[in-house]
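Q: Attaching a single structure in structure tokens format; questions to follow.
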Amino acid sequence: MPRLLASALSLRRDPRLLKLPPYLSLLCIVVGVVWLFLLPLDDYSRRTYISENALLPGQVHTYFGGSDQNVFRAYKHETDELAGKGNIEVNDKLESIAKGLGLKVGRQNFTYSSAGNTHSGQNIYAILQAPRGDATEAIVLVAAWKNVKGEPNRSGVPLVLTLARYFKRWSLWSKDIIFLFTPDSIAGPQAWVDAYHDAHDSSRVASLPLKSGALQGAIALDYTRETRFQSVHIVYDGVNGQLPNLDLINSVNHVAGGQMGMGVAIQEMWKHSNSYHDRLQTMLRGMLKQGLGLASGPHSSFIPYHVDAVTLQPFGDGWQDEMAIGRVIEGTFRSLNNLLEHLHQSFFFYFLMQKERFVSIGTYLPSAMLVAANFTIMAIALWVKSGQPEVQKVITEKTETAEEAEKLALPNPHAAMERDLFLPLVLVAACQFAGVVPLYLFNHLSESALIPAFVLFTVLSAILPFLLSNLLHTSATSTTTQQYHLIRSFSLLLLGMFLSSLATLNFSLAFLVGVFSAPLTFVRPCPNSPILKWLSMAVLYILSPTTVVFVASVLPDLDEKVGCGLGEVLRQAAFAWDVTGTYTPVVVWCVWWPAWIVGVVSVLGRPGAGDGKVKNA
């Protein structure tokens, strides 16, 4: 037994083992990326199915249509006259219509400040009390006056008014129905949902004068076109990558695609051939939206409160009219009306490859975990390496042969070095806390100062590693090889810990940051190899957070022909931070950017002599 323990101890300190971690880290990255690209295959994805039997989508006959089309035209004529008028005038007209239908009406004022701009408005909502209910549960139908692109919801608002009049005639409702009209698609719904759950800031958002029961689901209608359409687009991405219960999407798909016979699209894939390429493109589009964490429609504000919601957008040129989308909403609402409890049986974490194909979290999560694990593997290896003395060939006058000199240079396998932790801990902690500076600036500066501040920060961010490297080199005690090992170890350990935790909350964001940060695993001081040093620097600066943000701002956004611009990206990020609580800036500036700074400092490092004192283990 003592001999076995001695062998194990010698094996643990065998320098050959320290050559394996870089290859293991690379293997984790490659397997993680390849795993992701295998997901669209039939062997890794599954067909969608409805877990909650009580929904029974498509099992009822819808009656919306006929004379209701004349009602829709009348309401559309009245709402068209409101074009160009103020929010209060619009709400006055909507209130008179809602009260004429016998509904209870409430209003709510809100004011948000972001990037020096003030976003204020007034929401109006009407409650249809369920004839067969006790006001303990409710479903929401949302129609924003303008969609996320700022386009007027020309047909959506009158159609919701028509549905309100139609639903009022039926006595089958067991849940209250709330008809919500907001001036925009982000701030208005967020203010209303926050106030409904008493989670609002009373100084910015007014409380609701009327409430119903617990919200069981929500459908938002984004219907800007005034002509017939072909298919319906289901928007389901929520804030910070959160998603509604898959049963809701499946129900809408079943009602629209099965019962109504209209096409259904997701992730702006207007044409989907169900090929590997289209499946992969659909998944990557979903990952990009979830990674950004921005609200994609009025429904996004409901999801953080565990209220399953989607937005419906008619698109294409076809023969379907407004009565068809109205019947889709009716069928979906009648399915939700059947629920005996909140949606819970299906999936909340998934990737949709197409409308009827998905991958659950148990299948795709290992991809991001492997990428995050590569940082932890290298961090542990660097920690072990920092405790071992360096092999140095020292030839003295007393050594007669080179073999004797090399034998004397070999370290004691049972020897260990005392680790000097102060400098590595201070440097890594300082870089982590420095991430608060860009986080604060980009979320509190005015819109006109965002671009100059970003340019200035980019320049300072590029210079900072050189300043830190010179400071470490010119300090009273030169930074040792051991300390550089510890600096990288602590930084990679934090990065791996953050990303592995984030992967369970927002897989897409964790995976994207992990892939962009992958070169940080392999960087090291290169004082004697200028070519390798500057090549490493070029790769790190190309994949820096500031570069990625700039490139993302000029690239075309999905189906758009041009990018939205750097100023618009920074403004949207600040708005999302202030209004919807998007935490993507925290990950970029407080997790990714500090690790990048430490990585560049490591490449510029010039380790000095004197790696600590050796002690016997």
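Backbone N, Cα and C define each Cβ position, glycine as well.
Automatic, uncurated: that is what TrEMBL annotation is.
Quick paste of what TrEMBL says about this protein:
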TRANSMEM  20-41  transmembrane segment
TRANSMEM  361-384  transmembrane segment
TRANSMEM  421-442  transmembrane segment
TRANSMEM  449-472  transmembrane segment
TRANSMEM  492-522  transmembrane segment
TRANSMEM  534-555  transmembrane segment
TRANSMEM  586-605  transmembrane segment
Q: Would the transmembrane segment (421-442) count as touching the transmembrane segment (586-605), if touching means at least three Cβ pairs under 8 Å and pairs must be 6 or more apart in sequence?
A: yes
Q: What parts of the chain pack near the transmembrane segment (449-472), using Cβ distances under 8 Å and only residues at least 6 beyond its ends?
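A: Apart from its flanks, the transmembrane segment (449-472) reaches 115-116, 423, 427, 438, 441-442, 478-479, 541, 544, 546, 549-550, 566-567, 570-571, 574, 593, 597, 600-601, 604-606.
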Q: Which residues of the same chain, at least 6 past either end of the transmembrane segment (361-384), have a Cβ under 8 Å from a Cβ in it?
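A: Sequence-distant neighbours of the transmembrane segment (361-384): 18, 21-22, 24-26, 28-29, 31-33, 35-36, 39, 44-45, 347, 349-351, 485-486, 488-493, 495-497, 499-500, 503-504, 507, 510-511, 514-515, 517-518, 520-522.
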